[in-house]
């Protein structure tokens, strides 16, 4: 039936205009669009970019088709214009089904095949071999790719049935095959964002698509023969996605590109690599967001109905039609809107409306254009000489130009220059967006010039490296030839023999033990039989080198003069009587015996008290070599005991390195920060120190690398630590502890005047200048700025005072007195002149840096003798700012419930106040409770509970009428909550604070106390009494209460520390109570809270009676 309608249509057209038959073109049918013959004919005349078909000739690109219905007027394609691409390549024709076969309605293609109204049969033709989706007519026949009256141009097209006449199959020149063309206008495309650099027309680019939806859309486009996309550059160079979410994310100017091929990415599912060929510039005008998936069926979309009419039995064949220009214009108002990318709406991809960008008119013979073109060609030649890759690209570009002369196409030349250059993204995009050819050439030339500069720099670097390598190779060969000549002449023996002789000579000068000498001879014999090229040769050589560099039997002559030692120690340090006495004892033993064994001393004290520096002074006093290394944070055992020789780059431990450096068996080795040693997966260094610091074992210390016993019994080991809590007990047991407490004010004063101030003055360049830091200023620094135990912060403040003084002197006298001309030497002036010529960035080191440097560029300037500056207490603020500490203690008058305790910290001692308050008024119905705050740790929390229980027992025993603890809700707090507090020594202080609140009696603010308390009232021994005494004196305390077990520690304290402070030992808390509450009114204490409790009881009775 449908065949007869098509035949009637052809008959009607031939009768209307017989003269057009030879020139007409037949249109490939495809559902969803209409197109006039005149529009199709005009599209054949348009100039297209070079054809790069994605299909073989047997699978042409079909974009649109026409359904013809004689019962309706012809529809004009006003909505599509010339946005379609057509192909006359033949498709495989199918046999016409029998006339009596049943007709059914089915869905068409996935991209929008629409339901045919009336009795029609959907196409069941197979797809072409290349995988493209060939369009089919609504009658179920294949459509002709070219020819007239349903004829097939090559004999393979058309869908004529069994009754198709021979006349309709005749070929003619008008029915010849034509190559598929790229559409000149494509108003809507799928957009793919590009990162890193834009694409330019005429130059291939491969992109990887990882979005599965975009990959599926590309595959369907390839099947449909519409492999066209828009490529736009991301504004953010770090962006990486395949869908454009907002127009602002990409540049609006891109390229219209054809996908020439696509293949999957190995190892990545749903990903493919697409090769793009850009044809022209386009501009994005609108972004169409992806439509959400719906359940809309294919039959809900309206489709133009096929042409129906009388069957022509004589003219059976393909459903094709041609139309006159006039007939199309009459049907313009009945056009059905169709978009060639409508089938992509089912994918969440980026669709954009675009418009073509055309180059502005230009004169190829213009002087400016010819000059730019010539310069670009010249730059290409220079870059090609430096970079072979450019040479290949230029050759490929020249061969691809049909004209053979790139100068005749300046626009393409500019695009090529930008396409092959590795310039900035914005510069390349600017070239793409520029439509004026002259401006585009200028911008492309700038980009290409930068590429030339980069190529020149790479060439220079390559030549320099090559020259250095050639020089080294030449020197190597000359040296080898010279060695060979000397060996032939007998001038020089073989290098290995000379090396063996050298090791023997060194070993003869050393007093090696027998065990070591045996190992040495074995290794030396091994070295003599090894080839120099063998890997074991260098290992053995390095081992023998270390073995002969250890000072076997070599000791330095020690100085055992007592007076000399006292003089040296007093020159470097003030105080430290315990340390100096221990060193003098060591010297006295050595003086009597003639030799001394090594000892292990450990100095423990807060930072800044001189632990490390005293070790160096001891080495100077004993005339011993000094070596220091820190084990703070050390986690590798190999640092102590060395690596095994099996490892590449193995070395002995730090102790063997110390012996090599000092070249004596009896140096002083200072091991710093032994309390901060770490532990890692490479072992426990603290355990490795057990052998090293044990006098019974270190006489045969075994290093992993040396693998021979080394005698360390003559070494004097000095360790330093801030605290002993973190030192393992076995290691602490092997060391002799000497505690260094903090300095008091008079000690700090002496240290500042003798050591710190002169050193800071010289360091600031004021050694010969009359700048005087007066004593009252130092006192103010100690009292109001530097209250820590050590003197490190005091040293910083004094240095700051002298630095400010230097700045004040320079500013007051001006640059005329201290001019740069006087300060610079002749070499410094020359170097400065060379530096002025240097235009490189400060972060880049110039190539001729040696010209800008000299050994002594400046000399010190002398300050005039008329300058005089005094730093006093009054003007000290101008140098170091306002005071940090403004009060001696926290409370001038302590209220009931507050007592001052003493604590030990890593920084020394500190005053620790304990505060207690009553949270709510006492009532007969209230229940007792205790809340504790102040960042208290477990041990201190237990002390709080003990003190609370003991205070309740004291009140119950001594003041039975006082019902305070039976009804009171208490809150106990230790100030400075940011500091963790732990330890049992605050026990008596907490009990005193609670009793002070319960008895309503304020404690004397000049009394400080420390001691551990038991539940029975026994006061136990504490540590750090010296530091706590210093802290109490600094806080203005007059009396210190401490455990009686610490009386010996108190007696050993220097008098300058105990000056102005009275010590009171206590065995039981009753001793503390008698000292603190000596003026207590016991009657008042018994009845302190009776009135409050009585009032609350009366109030409760009154409330009950009212109820």
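Glycine is no exception: its Cβ is also placed from the backbone N, Cα and C atoms.
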Feature region 'Disordered' in TrEMBL, mapped to one of the ranges 289-316, 317-344, 345-372, 373-400:
289-316
Which range is region 'Disordered' per TrEMBL? Of 792-824, 825-857, 858-890, it is 825-857
Restricting to the domain 'Lon proteolytic' (893-1079), what is the model's mean pLDDT?
90
Among 606, 607, the one of these binding-site residues whose Cβ has the fewest neighbouring Cβ atoms within 10 Å:
607
Find, for the listed recorded positions 612, 985, the residue with the lowest Cβ contact count at a 10 Å cut-off, counting only other Cβ atoms.
612
Same chain, 6+ residues apart, C-beta under 8 Å of the C-beta of residue 609 (ATP binding site), given in sequence order:
740, 741, 742, 743, 789, 790, 791
Determine, for the ATP site, the additional residues of the same chain whose CB lies within 8 Å of the mean position of the CB atoms of 605, 606, 607, 608, 609, 610, 611, 612; present them in sequence order.
603, 720, 722, 740, 789, 790, 792
Cα distance (Å, whole number) from residue 1028 (active site) to residue 607 (ATP binding site):
16
Could you state the CA-to-CA distance between residue 606 (ATP binding site) and residue 985 (active site) to the nearest Å?
19
Least Cβ-packed of the binding-site residues 605, 608, 610 (other Cβ atoms within 10 Å) is 608
Most isolated by CB count within 10 A, of the recorded positions 611, 1028, is 611
Integer Å value for the Cα distance linking residue 1028 (active site) with residue 985 (active site) is 11
